Amino acid sequence: MADSSVERRLFSFILSSMAFFLIYMSLRTMFAPPLPPEEDAIAEVDGETVEPAEDLVADTDASEPGEGEGEEANEDTDAVERPSSPTWSTLGSMDPTSGYVMLVTLNSRGGGIERIELTERKENGRLKYRRVDVRSGYLGYLAADPTATDLGIRVNVVGPGTPADLATASGVQGGLKPGDIITGFNQNNVNNLSMLREAMLETKPGESATVTVLRNEKSIDFTTTLTEHPLDLIRLAEHGGDDEVEGNLSRLSCLLTVGRVGRREIQSGEKTIEGMVDTGDLIWDASQDGDNVSYQLQLSDSEMKPASGKSVGLQRTYSLKPDSYSLDMDVQIDNRAEEAQELAYRIEGANGITLEGWWYSNKISPNWGGSAARDIVYKTTAEGHELVSGYALLKRAKNESEADDQTLFAPDSAPPARNLSYIGVDAQYFTVAMLPPEGQESLKTFRRAAANIIADPSAVPDNKERAVNASFYLDSAIADVPPGSSLKQSLRLFAGPKQPDVMEAYGLGDCIYYGWFSFVAKPLGGLLHLFSNVGNYALAIVLLTLCVRGLMFPLSRKAAINAQRMQELAPELKKIAEKHKDDMEARVRAQRELQQRVGFNPMAGCAPMFLQLPIFIGLYRTLSVDIELRQAAFASWTTWASNLAAPDMMYYWGDWMWDYLGGRGTGWLGPYFNILPMIVVSLFLAQQKMFMPPATDEQTAMTQKMMNYMTLVMGLFFFRVPAGLCIYFITSSLWGIGERILVKKTLPSKPHFDPATLQGAAAGGGTVDGKVNNSAGANGKKSSDGKPKTMADRLRERLGTPEEEAAPLPKDRKRPPSKKPGNKKRR
């Protein structure tokens, strides 16, 4: 019967875990954040409460366009000379000796950010943050046109320190250059980007590769060593690879445009003032000086005419320092007209943030699961840290009765509500946010902030909604800019990991959120970091599990002794059950009285279960939040389970598995076969087989079958959990098996209870003040006439209330004699 008790506790643990999981998932859906009420995204001009930003207005430098250009600045569109084709520029480097931790790629078409790669290295020289879903080699980002050409693939940019830049060829100085045409890779002919990607899939980091290019009509064979793929924290949606989601649109990040001229401004859901050209589609003049890249764009009178304005100029500068996760940005709008103009600009936020693991990850947020893979976070003096779910933005965009954009603060908001500390896009392990310039605590010169999506809401599949491309924008204060003057603003763009020390240094500490179980998750994370000094986080999880289970050993032994005591009580409990088989209340009370008399607490054996549940949840939260566990490998010599914060991904079956099971976001199992969850389920079943006694009746057999089925169902839910969590379960299960075998040998051989006491307690009618009461008197189960007492009878006896005489039923009442005619009595 000890095994029977263990069986019941194991069944209770599985049942409670499943119930907790199902209730938790239901609450996540039930309490998903409601859509905020529609706000006026555009305030009336007469009702503006934001003072003109006169302190940001400055005279335009004489060296800048617009100063002294006279009539040239007011010429029509046809006279404005612009480059015929875009150019790409880079800041930072992938070279580990350069000191840079980022490689930024900028595009002159729109003057925005096309790509940001994190290139920081570990002490062993490997990338600290790589693409966890890519195992092939990396040549470098080339900004190549994906369409096919007759010659090959045109190289538009080569990042410093990339394998393409470090390639060598006989008699040629330097590596690949912009303008080269790639015609072959590893002796395979390639003429479009998809063919090059297919050829790259056959490579591995560290391998040597041959790249054939056409330069000045001459074929050159370059040799280079491929590297790991760095994490592209910002990228175009069309470059998402396997994570590309239908409906997400490709748009550069941090684009700058004219937000307002006079009384005309951008309407909600639009990118430009009605009738004006989108500056994101125009090619800007570009120049680079070391770590600074500048872009300039002039809009002529005719281009400004739809806004009832005159010629203006847009300028912006990007700067990057070594060992910094922030990109400095200076933006300005110049008045190139002959009279003053009311001007304001709009700067868009980042978009295309990494989607890694969106189909299996569980991002922790205060929104009860309403969080998407990419959410908007911001902090103001009035509201503190806030999160706007990508789910809510997509649902808002699908609702035609509401504006596409969700206002975060408006021109008529109180000043503290517009005192902005940061605003950005938040992913599971990374954040990209706009910050005040260094030395300044907040931004006070923006009159409006709003969150939106860079996607076609009708084209995003329902099962991929959490991967929607979320972004935001900021509208500057309105300034009356004199001729030849400018409205300027300095900003920083943080793009980096959610490491506590890094985030605190940039004022973004609130973006790291553990939720309700932070009191467990944070200490567990600290212990894991301590144990990681052994050199492997998988081994650290094993050590953590052994430490926890070792500390719980006294409780486990006590639970085993409790099960042994339950075995001694089992015959008497069975007698009580048979005696009161028709009276559930009497049976439960008699069993409780027996347990109290002998000093037995049936809940004492549940302590290990209740202690393990918070540890399980805390470890799950740690794996979902702590970036140190991202990319932590099971072993350095294998690519299997190379990310303990993700499924182990032993085998890719997405090419042939039914999409309902193996699809990204659409399947129950995902595109990879994972072996660790199978081992976990096998160990659970083995424990049940080893320690569950044979069924003695039909009810016990049914219970055992149900437990087996529930274990299999639990394996279905666990199929996509992080590999680190599976290692915890495997270690804990193996410990449990060994512990049961050891404890069973150390249990006392003598009985815990006196058999005479057990028989006397079971035979008695109850306990009164700790003494056995064998009478069937006032508290007995039968009345004086021998009939069983009802619950009402027993309640009245305890309360001392005499029984009231019940009114006779209608059928039992005596009818009065009828007085029909002719029925009189004779005298």
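Quick reminder: no glycine exception, Cβ is built from N, Cα and C everywhere.
The domain 'PDZ' annotation in Swiss-Prot covers 1-217. Under the heading transmembrane segment, Swiss-Prot lists 11-31, 524-544, 598-618, 666-686, 710-730. Annotated compositional bias 'Acidic residues' per Swiss-Prot: 58-78, in sequence order. Per Swiss-Prot, the feature region 'Disordered' maps to 58-94, 758-827. Summarising the annotation, Swiss-Prot assigns compositional bias 'Polar residues' to 84-94. The region 'YidC' feature in Swiss-Prot is assigned to 218-827. The compositional bias 'Basic and acidic residues' annotation in Swiss-Prot covers 782-801. As annotated by Swiss-Prot, compositional bias 'Basic residues' applies to 812-827.
Under DSSP, residues within the compositional bias 'Polar residues' (84-94) fall into helix, strand and coil as 0 helix, 5 strand, 6 coil. Sequence-distant contacts of the transmembrane segment (524-544) (same chain, at least 6 residues past either end, Cβ-Cβ under 8 Å): 615, 618-619, 622, 625-626, 628-629, 632-636, 641, 644, 724, 727-728, 731. Residues 100-109, 114, 117, 119, 140, 143, 156-157, 159-162, 165, 178, 227, 230, 283, 286, 288, 291, 293, 318-320, 327 of the same chain sit 6 or more residues outside the compositional bias 'Polar residues' (84-94) yet have a Cβ under 8 Å from a Cβ within it. Confidence across the region 'YidC' (218-827), taken as the mean pLDDT and rounded to a whole number, stands at 85.
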